[in-house]
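Per TrEMBL, the feature transmembrane segment maps to A:20-41, A:48-68, A:74-99, A:111-130, A:176-195, A:225-245, A:251-271, A:278-296, A:302-321.
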Amino acid sequence: MNFEFFFNNLPSLTVSGLAFGAIYALIALGYTMVYGVLQLINFAHSEVFMYGTFAMLWTVMALGGADADGVELVAILLASLVAAMALSAIVALVLERVAYRPLIKRNAPRLIALISAIGASFVLAELMGLRDRVAGWLGLEDDLSDYVGKARINNSIAGVVEAPRWDIGGVSVSSIDILVILSAVAMMVVVDQFVRRSKLGKGIRATAQDPETASMMGVNPTRTIQMTFLIGGLMAGVAAFLYMLKIETTKFDVGFLLGVKAFTAAVLGGIGNLRGALLGGLVLGVAEIWGSALLGTEWRHVVAFVLLVVILLFRPTGLLGESLGKARA
Amino acid sequence: MLLEVEGLCVNYGHIEAIRDISFNVPEGSVTTLIGANGAGKTTTLKTLSGIRKVRAGSVKFDGKDITHAAPYDRVKLGISQSPEGRRCFVGMTVRENLDMGAFVRNDRKSKAYQEDIDRVLALFPRLAERINQSAGTMSGGEQQMLAIGRALMARPRLILLDEPSMGLAPKLIAQIFSIIKEINEQGTTVLLVEQNAAQALKAADDAHILETGEIVRSGKGSELAGDDSVKAAYLGGDI
């Protein structure tokens with residue numbers, strides 16, 4: 001074990017871990033909210049995130065982000081954030097409409113919906129991985145070559161954003177990491193307050209706790225479910241944007257590992273619990289980075305899942321336990 | 001007639017829970033459905049709220065056919081329910097539960113809304129004391145008051161009360177029934193489902209007796225309360 005490296009770099013490792021964790025947390029929100037309302041693991045949520053990363057990438061490419069700087073670059077990045085949130089939200093809503101609503105209407109068992117989710121996940125990922133073929137069928141291959149090319153390998157915006165490193169109290173940290181952590185936490189607070197205080201949020205909580213009584217009160221279940229997919233999609237879009245700022249590279253199958261990690265974060269914090277998603281994400285991100293520093297990067301995922309198992313052994317309902325419906329105001 | 005139920009049939013899968021029941025609820029009345037456990041009382045109310053699907057028959061509210069209307073449309077029209085077992089949202093405060101009852105209303109900031117909250121809190125002073133407390137920490141009686149108050153927040157013309165006396169001490173039951181009377185006197189029509197037949201018949205203008213999914217007797221509440229066969233079957237002999 002490399003203790004010397006670990007202790008010498010503890011602060012910057014922690015910041016980096018928190019940044020990863022913040023991204024996990026934003027994605028975890030989508031898993032946890034849908035689970036809270038439907039008791040369904042939306043396995044295709046990972047692809048909702050993946051589409052967001054491509055929306056970000058393509059917007060930056062289309063608007064000439066590579067040659068821009070200063071205010072212009074900031075404007076392009078903001079546009080790419082909006083695009084990522086929009087595409088992720090659309091994919092999430094389409095998923096709900098196509099893969100889940102017909103099953104829920106027919107009272108299908110949750111296991112069937114889970115299989116549908118896994119299927120949808122593969123379809124969405126492969127559609128992105130085969131986008132050159134799809135464009136070919138439409139005869140748009142040449143026009144879109146910049147966007148559909150390299151369909152099965154890494155696509156990158158490396159070098160577009162030259163982020164300065166900041167010196168905070170003698171510790172060198174990436175300004176991107178700080179931006180990622182602050183914006184993720186801010187978004188989580190916004191969603192948390194929305195669910196606690198707004199009328200729609202109360203409808204979501206009531207449905208999570210007791211769907212039949214909620215519907216007796218006049219809550220429209222279909223709209224409530226749509227709303228949770230929408231919020232989850234928007235947040236996955238934010239996560240995708242922040243992920244691209246930090247990692248700069250995406251690929252059609254990038255959702256898989258990120259999705260599993262975010263799902264782990266949700267379970268770690270207590271599935272169905274919004275604040276648990278944040279806590280679970282941050283704990284997981286930091287543990288992973290610390291683990292990689294101590295044991296070597298190849299141990300990163302091992303650390304993440306051993307942590308999950310150990311925490312669930314002692315706290316089977318996760319760190320914060322309680323569900324979306326029961327979360328106290 | 002505020003509510004007209006005609007030839008209603010409801011199934012659970014292949015089991016007939018309600019067979020061809022017909023009854024009316026006159027505007028301004030307290031009407032009760034009494035009967036033993038499993039007679040179909042709760043199913044009837046859930047069907048009137050739109051939670052259960054109708055297999056045959058029709059339901060009219062104020063002359064309008066609502067047989068297949070969605071639950072939220074019925075709440076908007078003026079039917080709200082306090083369900084069996086109270087089913088307060090235990091993770092929410094008393095105030096949030098009352099707000100949930102008014103979910104279909106869009107006048108939260110208005111004076112009328114505040115007046116409705118005040119009216120519910122005047123009916124149930126205990127709720128006023130606990131307005132910011134989590135509903136899950138309250139006693140059964142308090143939760144029953146909250147469930148009724150929550151239903152009132154929808155400003156219903158017809159309130160459906162499912163077993164409001166269930167599991168409560170006699171003193172509390174008397175209190176709940178006197179509040180039901182007060183709600184009715186304030187102008188809300190009441191459809192009350194009860195196993196506590198003695199209390200229900202005393203409170204009701206009209207009464208119907210359900211047995212295994214069918215209405216077997218109908219009459220004035222006072223009339224049925226004095227009937228020997230009803231006494232023997234539902235009121236535990238002479239009282």
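The count begins at 1 with the first shown residue.
Cβ coordinates are placed from backbone N, Cα and C, and glycine is handled just like the others.
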Restricting to the same chain and to residues at least six past its boundaries, which positions have a Cβ under 8 Å from a Cβ of the transmembrane segment (A:20-41)? 48-49, 92, 100, 104, 110, 113-114, 117, 180-181, 183-185, 187-188, 191, 195, 204, 207-208, 224-225, 228-229, 231-233, 235-236, 238-239, 242-243, 246, 258-259, 261-266, 269, 271-274, 276-278, 280-286, 288-289, 323-325
Chain residues in Cβ proximity to the transmembrane segment (A:302-321) (below 8 Å; excluding those fewer than six residues from its ends, i.e. six or more beyond): 261, 264, 267-271, 273, 275-276, 279-280, 283-284, 287-288, 290-292, 295
Which one, A:74-99, A:111-130, A:176-195, A:225-245, A:251-271, has the most C-beta pairs under 8 Å toward the transmembrane segment (A:48-68)? A:74-99
For the transmembrane segment (A:176-195) and the transmembrane segment (A:225-245), decide whether they are in contact, meaning at least 3 CB pairs lie under 8 A, counting pairs 6 or more apart in sequence. yes
Feature contact check the transmembrane segment (A:225-245) with the transmembrane segment (A:74-99), CB under 8 Å, 3 or more pairs: yes
